[in-house]
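The annotation active site, proton acceptor is assigned in Swiss-Prot to Asp257. What Swiss-Prot records for Leu139, Gly140, Gln141, Gly142, Gln143, Phe144, Gly145, Thr146, Thr147, Lys162 is ATP binding site. Summarising the annotation, Swiss-Prot assigns Ca(2+) 1 binding site to Asp447, Asp449, Ser451, Gln453, Glu458. The annotation Ca(2+) 2 binding site is assigned in Swiss-Prot to Asp483, Asp485, Ser487, Thr489, Glu494. The Ca(2+) 3 binding site annotation in Swiss-Prot covers Asp519, Asp521, Ser523, Tyr525, Glu530 and rests on sequence analysis. Taken from Swiss-Prot, the feature Ca(2+) 4 binding site applies to Asp553, Asp555, Asp557, Arg559, Glu564, supported by sequence analysis. Positions annotated as domain 'Protein kinase' by Swiss-Prot: 133-391. Here Swiss-Prot flags 434-469 as domain 'EF-hand 1'. If you look up Swiss-Prot, you'll see 470-505 marked as domain 'EF-hand 2'. Among the features that Swiss-Prot reports, domain 'EF-hand 3' is placed at 506-541, with the record citing sequence analysis. The domain 'EF-hand 4' feature in Swiss-Prot is assigned to 544-575; the stated evidence is sequence analysis. Annotated N-myristoyl glycine per Swiss-Prot: Gly2, in sequence order.
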Amino acid sequence: MGNTCVGPSISKNGFFQSVSTVLWKARQDGDDALPGANGAPDGGGQGRLPAPPPPTSDAPLAVQNKPPEHVKIVSTTDTASAEQDASKSSAGSDSGEAARPRPRVPPVKRVSSAGLLVGSVLKRKTESLKDKYSLGRKLGQGQFGTTYLCVERATGKEFACKSILKRKLVTDDDVEDVRREIQIMYHLAGHPNVISIRGAYEDAVAVHLVMELCAGGELFDRIVQKGHYTERKAAELARVIVGVVEVCHSMGVMHRDLKPENFLFADQTEEAALKTIDFGLSIFFRPGQVFTDVVGSPYYVAPEVLKKKYGQEADVWSAGVIIYILLCGVPPFWAENEQGIFEEVLHGRLDFQSEPWPSISEGAKDLVRRMLVRDPKKRLTAHEVLRHPWVQVGGLAPDKPLDSAVLSRMKQFSAMNKLKKMALRVIAENLSEDEIAGLKEMFKMIDTDNSGQITFEELKVGLKKVGANLQESEIYALMQAADVDNSGTIDYGEFIAATLHMNKIEREDHLFAAFQYFDKDGSGYITADELQLACEEFGLGDVQLEEMIREVDEDNDGRIDYNEFVAMMQKPTMGLPAKKSGGLQNSFSIGFREALRMS
């Protein structure tokens, strides 16, 4: 199962300025009373939760790392409940984005047997996974499952195993999505640039997909690592990417989530094949069939998808965006938040004037223009793209190096600044009871099953209670922004971090306490080793530590001091030049507070 049309890595810290003053004003008018812990309106009918008293300077920083009045739900597993994130996994799944938005007709139909009966998802009895494979270390984590290294007992050969917890498959659609993903992987099996599936297994706890192990790293990482990059190489990669799209379309499959994170190299060798992974959002289609559900990832989503009327042409648009990035290092349509990105996708102009475009061949620019035509009827098909002179073997793509700035931009674009989100989580977990009393009540109000985890459905209902009229894709984006560990749910600590008022984040004692959390040895600096340890504690594996440090390290000494740390917390989204001014107001927590109609 894949990502929804939600937060890109570099825009997660700036979100939804559009749901702001209007929502708060409506709350002031008292139209929607916010329920308290027992479901009744709080605050004497004013519709507000009790405001936390102002913090005192000597307030203890008691760690709040458990949900309030946590009631453990009986579960058949302690296995992690998130699907593989492509940027961290060697077999690949999506980048840590939330479950895909698709319209639901209330009430939601529950699949009561999915987490209890063997064969309830695959509809057949399978061999035991553990009889054939031994599971090793975790490779990656996403919304619905976790990917592990697994070794075939009979041969000792290594594979990747994506385990999807059945208790996460809440609706009939969720179950059908898993079945379809498996069917599509088998349907496309044998293509050299599509990840191969070894087998599917099911037990009472999870569905397990054993697939080819892709240990060669992500597309952009390999390019940056090599350091030498030419337009001809970009054309070669474009040929592979569009070739996969053509094969999918010829076999009646639309991928619907093409992005660089979903392309991994099979191994570390120079001649390693580039593989397409993660078919969680893919779907079978017939010629002329029209789809309406909004899925994908913001930078790569086609305009007709946002308009909820699209076909297979949307994949060509996504491939065109990837080629644009391969040539210049940044996406063609971007903004500081998801809403802005969607506006740019719908109405923005392609930039061929900024560097390095003046030095890029006219053939490359012609191809990109024709792939990024907003009218899908006028857009090139995948087959037509492969016939374009710039893409063809021995074609027009020159063998001259691209500007070195392309590599640095690409590296910035592909690396998430996870440090800031981890720091916000640390601050949230070190607030006193008084400081978060109101937020605790709000968490209890939304977490209706007292599981200690807010699901998408619970968040949707909670937002409706407070009068926030958001689209499903917007709610998924809020989930994405708050879900630091990519588990597909928002736990107590993540919720507090996402709803903190800026005056708490700016307090010196909170910033210093967060800095000390990362500065394990008390040296006054956060080193790469300390950052690696923190990432492991947060369940974030295979992150680009050097790039995370480089984004913050102003004096280029390879480590982060306290002043640099504070500056990071006060800056808007990193990675691309800011299109809008702003400081802490651009934090991802603002979008959550506004949606919940908080001050």
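Backbone N, Cα and C atoms are what each Cβ position is placed from, and that goes for glycine too.
Counting every protein chain shown, 25 other Cβ atoms lie within 10 Å of the Cβ of Glu494 (Ca(2+) 2 binding site). Looking only at the domain 'EF-hand 4' (544-575), the predicted model's pLDDT averages out at 77.
The binding-site residues examined here are Thr147, Ser487, Thr489; by Cβ neighbour count within 10 Å, the least packed of them is Ser487. Shown are the binding-site residues Ser451, Gln453, Ser523; the one with the most C-beta atoms within 10 angstroms of its own C-beta is Gln453. Geometry remark: Asp553 (Ca(2+) 4 binding site) versus Asp521 (Ca(2+) 3 binding site), CA distance 19 Å. A Cα-Cα distance of 27 Å separates Glu530 (Ca(2+) 3 binding site) from Gly145 (ATP binding site). In terms of local Cβ density within 10 Å, Asp447 ranks first among the binding-site residues Asp447, Glu458, Asp521, Asp557, Glu564.
Leu139 (ATP binding site) sits 29 Å from Tyr525 (Ca(2+) 3 binding site), taking the Cα positions as reference.
Taking Asp257, Asp447, Ser487, Thr489 as the recorded positions under consideration, the smallest Cα distance to Asp519 (Ca(2+) 3 binding site) is found for Ser487.
Secondary structure counts, DSSP: the domain 'EF-hand 3' (506-541) has 22 helix, 2 strand, 12 coil. Gly145 (ATP binding site) and Ser451 (Ca(2+) 1 binding site) have their C-alpha atoms 18 Å apart, to the nearest angstrom. The most crowded of the recorded positions listed here (Asp257, Asp483) is Asp257, judged by how many other CB atoms sit within 10 Å of its own CB.
Sequence-distant neighbours of Arg559 (Ca(2+) 4 binding site): residues of the same chain at least 6 apart with a C-beta under 8 Å from its C-beta are Tyr525, Ile526, Thr527, Ala528, Ile549, Asp553.
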